[in-house]
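**Q** Shown below is the structure under consideration.
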Number of protein chains: 2
Amino acid sequence: MTEAKNPLAEVRERIDSIDRQIQELISERARWAQEVARVKGEGLSAIDYYRPEREAHVLRMVVDRNKGPLSDAEMVRLFREIMSSCLAQEEPLKVGYLGPEGTFSEQAVRKHFGHAAYGLPLGSIEEVFQEVAAGHADFGVVPVENSGQGMIQVTLDMFLTSDARICGEVELRVHQCLHSQSGRLEDIKRVYAHAQSLQQCKTWLRVNLPDAERIAVGSNAEAARLARHADDAGAIAGETAGKVYGLKTVAKAIEDRADNTTRFLVIGRSLFPPSGNDRTSLLITVNDKPGALYDVLSPFARHGVSMNRIESRPAHTGKWQYAFFIDVSGHIDDEPLQAALRDMGPVATQVRVLGSYPVALP
Amino acid sequence: MTEAKNPLAEVRERIDSIDRQIQELISERARWAQEVARVKGEGLSAIDYYRPEREAHVLRMVVDRNKGPLSDAEMVRLFREIMSSCLAQEEPLKVGYLGPEGTFSEQAVRKHFGHAAYGLPLGSIEEVFQEVAAGHADFGVVPVENSGQGMIQVTLDMFLTSDARICGEVELRVHQCLHSQSGRLEDIKRVYAHAQSLQQCKTWLRVNLPDAERIAVGSNAEAARLARHADDAGAIAGETAGKVYGLKTVAKAIEDRADNTTRFLVIGRSLFPPSGNDRTSLLITVNDKPGALYDVLSPFARHGVSMNRIESRPAHTGKWQYAFFIDVSGHIDDEPLQAALRDMGPVATQVRVLGSYPVALP
């Protein structure tokens, strides 16, 4: 007895066959990951064979190959999780971050290490550095820059006194919107948001809602929830949150700087080899005399090394010294960067390589 | 010029080739998922073609096929994420839960729906039911049972007055351990833990640490963190948390009931077809007269339908009526269950099918 198949059943058979193949391949991949552990020595924890440069390389190939329909970010996310599972077969990575659970910092941990790693919510950025230094955590994830508010000083200052190495960076992008029940600006007498979001949008609020009360709440999700039940309240939250809570969007991208990215650093105890597309963070200390900054920077220009960021801090080492945090393109093993650092020798009192690490993926 | 490859490079080449195949297959799977949407009608949101019974069937095949080295739970997790990404190509599912972010309830959402779904943290279990009923959320996830403390009454009571349907169940298993710096029971003068964990372990604490002060803190991770920095404090937390925070385990499985599972229900607005291994939740109202309960239950026995749970609640509908929440094995479409319900007709004042849904996966 034959029966005409419905098109849905046929599609599902195709998907079943694809799933069977995917599963065989993931299992095979997991076996080869065990082989990596065996080649490097039996009975090791994940930290012994985790290679950030290798992961970045793999994920970059994933992006290069991706032709959709899934977005690059979604495909990268799936491969992160597959790698995370393969790596966690022995002893998973332990990753410290600024807790509690559910924060932006935990999102950054999961984006970078996947969900098979152990997350350690800690009480402060200082504690993240301490736990990594003491070996209680294999890696730490700390916020270092918010494009609305600039560098996060407490993180930079930790590098002045700790031996932490930077092994990676993670970027989370969030556009802040103003949402409300009616979607009309003139109805809004109160604005709910997380304190940081209120801060990030203060110019827009001053100009457009000078008389509205600003109320800091635990999270932007909480803000959106409160705004749903009030006809005179607005909430600052991401585009998704507004949609999810069924609010109308009053205004988009209201943050003071339009490109609202939070950047996190992955800190560890070692330097890693090049991944092919790297960034290097340097801590350079100079005596405070005229022309010192120029003398420090000119070797980069001379050797064609492009600078991405620079931030100066009073050094802890001496009263008249300044420390510069400088991010440049390339790996510390690259010849132009080596040459620039050689030229800098006589000028700088200290040059410390904080880390060379893969540029953040989508 | 040929060069002897090092074994690591060879393994990595194999892994690269596997990754290429996995990626092609995931992309193909995503295209077929679009095809499902097309077959069912263009421009639909995920809710229109999300089929819990189909997902459960797919995941059960994953478990059946799994020969390691990844655990069943880990392989299921990866397939959940792949399905989550494929499903979220149009409009992702919106899933309400008892917030804030980072709680056990969010873990249940992610375990069931993966990370491509939108999570809506809400303020109360009641609100989860309301948002689902109003269509603001496609599904909700609510705790219904903790094996240490029994059924969660507020959730059961919501079914008395709402039209919510049960579309799935999720189980999270946690063994509570007592950890400390020294690992010696006699050093412990204070015990930190989340209030719920203190509650779950109260018998053990009364017997083994009658004089220790019990201090409720925000989470068990917080408890473990506090215990690390004190030589006279213990923390109740999962085995993993103790390991992660570098504590020694004083005692394992100290919860009053050894099988400490929290069970969540997935609620929605529709009933779904059988997945092949289902459970059915019934709400049966009877007049309070002698033998009523027996009369209600005997049809199940007669037709060979096995009961998993029963819980009685005063019904909201009438003063002398009782409502029974009964979970039985099988789907409501199964003939034995149909027969049992037919037999029950004259006895029960009301029989409501709360839902037939796939039994929880690992």
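Cβ coordinates come from backbone N, Cα and C, glycine included.
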**Q** Looking at B:8-42, B:43-77, B:148-182, which one is coiled coil according to TrEMBL?
**A** B:8-42
**Q** Using a Cβ cut-off under 8 Å, which residues of the same chain at least 6 positions beyond either end of the coiled coil (B:8-42) come close to it?
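**A** Residues 48-49, 82, 85-87, 89-90 contact the coiled coil (B:8-42) from elsewhere in the chain.
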**Q** Specify the count of other C-beta atoms within 10 Å of the C-beta of B:Thr262 (site 'Essential for prephenate dehydratase activity').
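**A** Step by step: centre on the Cβ of B:Thr262 (site 'Essential for prephenate dehydratase activity'), count other Cβ atoms within 10 Å, giving 22.
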**Q** Go ahead and report the DSSP secondary structure tallies for the domain 'Chorismate mutase' (B:2-94): helix first, then strand, then coil.
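**A** Looking at the domain 'Chorismate mutase' (B:2-94) with DSSP, the answer is 68 helix, 1 strand, 24 coil.
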